[in-house]
Structure formats: structure tokens, C-alpha cells
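Note sheet for the following structure.
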Amino acid sequence: MSAPKLLSLGCIFFPLLLFQQARAQFPRQCATVEALRSGMCCPDLSPVSGPGTDRCGSSSGRGRCEAVTADSRPHSPQYPHDGRDDREVWPLRFFNRTCHCNGNFSGHNCGTCRPGWRGAACDQRVLIVRRNLLDLSKEEKNHFVRALDMAKRTTHPLFVIATRRSEEILGPDGNTPQFENISIYNYFVWTHYYSVKKTFLGVGQESFGEVDFSHEGPAFLTWHRYHLLRLEKDMQEMLQEPSFSLPYWNFATGKNVCDICTDDLMGSRSNFDSTLISPNSVFSQWRVVCDSLEDYDTLGTLCNSTEDGPIRRNPAGNVARPMVQRLPEPQDVAQCLEVGLFDTPPFYSNSTNSFRNTVEGYSDPTGKYDPAVRSLHNLAHLFLNGTGGQTHLSPNDPIFVLLHTFTDAVFDEWLRRYNADISTFPLENAPIGHNRQYNMVPFWPPVTNTEMFVTAPDNLGYTYEIQWPSREFSVPEIIAIAVVGALLLVALIFGTASYLIRARRSMDEANQPLLTDQYQCYAEEYEKLQNPNQSVV
């Protein structure tokens, strides 16, 4: 496959423009015929003597243009179509050279800073706080809702998306790159869709659906962490508000109601259609993207910026599945955090004793795999019963953001408790896209799962204001504790009684005469010694 065709998508994916600021150059520079054909995406930062004179900010020592490093270790055998998907060995099907930034510099041209840093020299630490949406003031809640709506309606100043696969990225004439503008929030939706879409095998062939670069594997938590981080940074730039942070929804309430589904927050239920959002909420006006699955799967097209129908949501309304009519319990989170191994073979949705599979929701909260169970993250999605419960569409419902910030908070607490133990995050043989060093699809510049497997306050510039529930004892544990307690009580009573008996005996003995008929007198011994028939030694 020619370099230009491969490069197309890479440009579109400048979601990664790690923390790109509005004043910096847009990776759209790489969505040109020249860039696509060269396989190089190393834009200038501040060219003085013409194009190509300051690639990656090289003149100021910020970075340099280097070959892309991509993980080529083997993946698990469940994906049998090697060579058929643009996302394989990401991003080499699109770009083979990118900016490698020095120190705390980052971005597509090394013009910005790594997470947790800011300033002209990227030498100032920054820490923002993600808080519970329900704990925000009225003004803060309104600000967050307005910011989301603004992101939905604001064209992304930095990124464009590909609307065709790599083979067709330059258009029918081979000279027209197939990219589109898209809003900031819809870009957030698009990147998620692209990571979960089926593998197109050709017209007339059924697309392969047993592939997912962001779910059902070790990368689930790291991928969604970066996904949120990218949106948060984009919204900070949009608002020109560096301290803006994404709040979270603590969905572990055990209730059968959505406590954030009110018109002043994420929208209540419509009185006219129980599956729609109330017209009193701004989110009732939102329209979804990436819903043309039949075209994607049969024609090989990609999701574009076209918006379709409204968001559907009917919390606790799936009467056919009673198990998804109630949200997770607080104790489910407490139990999940006691699962000490990050992941276990086969590193998939049937892993047992895996923290990742537990918080993702394919195991019960104690870590035991059960094919009938949907818990925590999965249960919260299914509870919403609509757009938010369909993987390829779920980010269209803005509750997705809040649901995943809470999931990320659980992840960060696990990292803190277990010292970010990455030893059980596999280097190879995980599902495709989920190896430890794999570049997460479709972010650009490349960012690996490892880079997100760190505690957020120390490494990513944000922290959570949250109180974790302590684990309650189960009925069997309570019974066991009661039995042990009873045995200890019996032992204590027995020991006390024995002590009292011994003490009484000692007291009786103390009250007896010092010399009785039972004891010999020194006089008797003396008389024996005076007997001449006995020898004295």
C-alpha cells in the first residue's frame, strides 16, 4: 500500500495533539497530498526561513523528526485477519515519521506541554481537580453544561477526520484528500467509533466484528483515560480556561433512578416519549453521529460529520433485563478495588480475578468471571438503556463523559493502592491493540498504553475529589466472624474461670498452718543424724 494512502488517517487523528493550544499549527498540515505521500508528519513550529526549517521545534531544541516506533509483538489469535485493517501496527499504515519531543514538550509539532505541565518552557506544574457533578455549585453545573454544548457546536480548530479508508484516502482522482471538519465533541465520538468499528473485508463480504481496540482487554482503562484527557484539554482551549476539569458521575448508588438526569444537568425524561430527553434540556437538541453501521460494514465507508437522530435514553427502562434496571452498589466498587491483579489470561472479557475485567463489568465485583454478569462500567451503560448502551454510539450521550471519569477515578485509586503494578499488563498476546506498548488507536502523535498506566496526580496533572466506600462484610463473612467471636468468648470465659479456681486454691493453701503432721520437722531430721547406726556424709 502506498504511503499517501496510509498517511491519510494519521492526519485525521490529531486527537492526540497532546494538549495542543489554539495558537499552534494544526495537523491539518499533514492532511495534504504531499504529506500523505511522504509518510512524514513533522510540522514546523515557528519556521523562519521557509517551510521545513523548524520541524518539531528543532531550532529551539523542543523536538526532532524521527521514525515512528510501533509495537509489532504478536496479539492473541482471536483476530485472524492480519494485513486487512488500517489500525494494525498503528500508525504505520499512515505515517512512518513523527515528532519526538524532548523533556516536557509535546504535541504534533512539540509546541505544547505534556500533561501536568504548562508555561512557555513547560516547566510549571499544574494540577486540576475532577469533582462529583452533584457537588458542584449551581453556577459550576451550568458552566459545565454550557461548555459541553459549546463543544458540540464548535468546529474543532485543530483536527479533521478521514471519511474513507487508507486505500481511498486520496479520492477517486488520487489527488483529493478525503477529510472533513468536525466539532470538538463529535470528534470525541468519532475517535471512540473508530476504535471499535468492524474490520472491513471487502464489498460482498461480511465485516469482522470480533475486534475492538478499546474494550474487552487490558487497554480498556488506558485508552479511555487518554480519550477523556484529550477532550478535557480541547475544552480548556476552547474556553481559554486552563483550570477547567471534567466532573464525574458516581453511578455506584444501588438505585433504580438516574440522579443526574435532571433538566439542569444531563436532561430528564421527556413527557412525550419516554425514550427521549426532555425538551427543557439542551441535550434534547443534540443529534448523534456514527450511526450508519450498514454503510460502514457493507461499503467500507467511515463515519463522517453527518448528524442523524436524537439521543435516546430510558434509564432503568429495560424491563426485559431486570438485572440492568438498577445501578451498581457502593460496595461493588469497594470489592472491585480489592482485586489486586491488573489483568489475567486470556486478557479478554472472560478473564477472572482481573481488576480490569471487573471494573469494565464482565466479572462480578469480587473478580469472579460470570458470563451472565454485567457490573460496574457495563451495568451503568446498560442502565441508561439507549444511545449510551450501544458501544459505537455511546459517547453521543454526554453522560458517557461522566460515567468514564468515575471509571477512571476507580482506576487511579487502584494504581495508587497497588503502586501502579504493570507486571500483569501483557507485553504480547493480548487482543489486538491491547499489548502494553501498543500505540492506542487512533490517537496521534502515537501514545502507548504504558504512558497512561501511571497515577494521575503525579504524572497527568489531575486528581479526584472523592471518598471511597469501605467494604462491608458479606453474610458468610459475618457468620464466620460471629463463630470466631463466640469461640473467643468461650475461651475467655474458660480462661477466666480457670484462673479464678487456681487463685482460690492458692488462697486456701495460704491460710493453712506452716507445719502439720504431713511435713517433717527439722528436729526429726536432726534426731536421725544423731543415730550412730547411720553414717553422716
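Including glycine, each Cβ sits where the backbone N, Cα and C put it.
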#### Entry: One of His156, His215 listed by Swiss-Prot as binding Zn(2+) A at the site of His192, His224
His215
#### Entry: Disulphide partner cysteine [Swiss-Prot] for Cys99, chosen from Cys30, Cys41, Cys56
Cys56
### Query
Pick from His392, His404: which one does Swiss-Prot list with His377, His381 for the same Zn(2+) B site?
His404
### Query
C-alpha of His377 (Zn(2+) B binding site) to C-alpha of Cys258 (disulfide bond): distance in Å?
15
### Message
I want to verify one value. Collapsing DSSP to three states, which class is His381 (Zn(2+) B binding site)?
### Response
helix
### Query
Counting all other Cβ atoms within 10 Å across every protein chain shown, which of the disulfide-bonded residues Cys110, Cys258 scores highest?
Cys110
#### Entry: Residue with minimal Cβ packing [other Cβ atoms within 10 Å] among the disulfide-bonded residues Cys30, Cys42, Cys65, Cys99, Cys290
Cys65
### Message
Among Cys41, Cys101, the disulfide-bonded residues in question, whose Cβ has the most other Cβ atoms within 10 Å in this structure?
### Response
Cys41
### Summary
Nearest to Cys303 (disulfide bond) by C-alpha distance, among the disulfide-bonded residues Cys30, Cys65, Cys99, Cys113, is Cys30
## Note on the structure
Listed in sequence order, the recorded positions within 10 angstroms (C-alpha to C-alpha) of Cys110 (disulfide bond) out of Cys30, Cys258, Cys261, Cys290, His381, His404 are none
### Least surrounded among the disulfide-bonded residues, given as Cys56, Cys113, Cys261, when other CB atoms within 10 Å are counted
Cys261
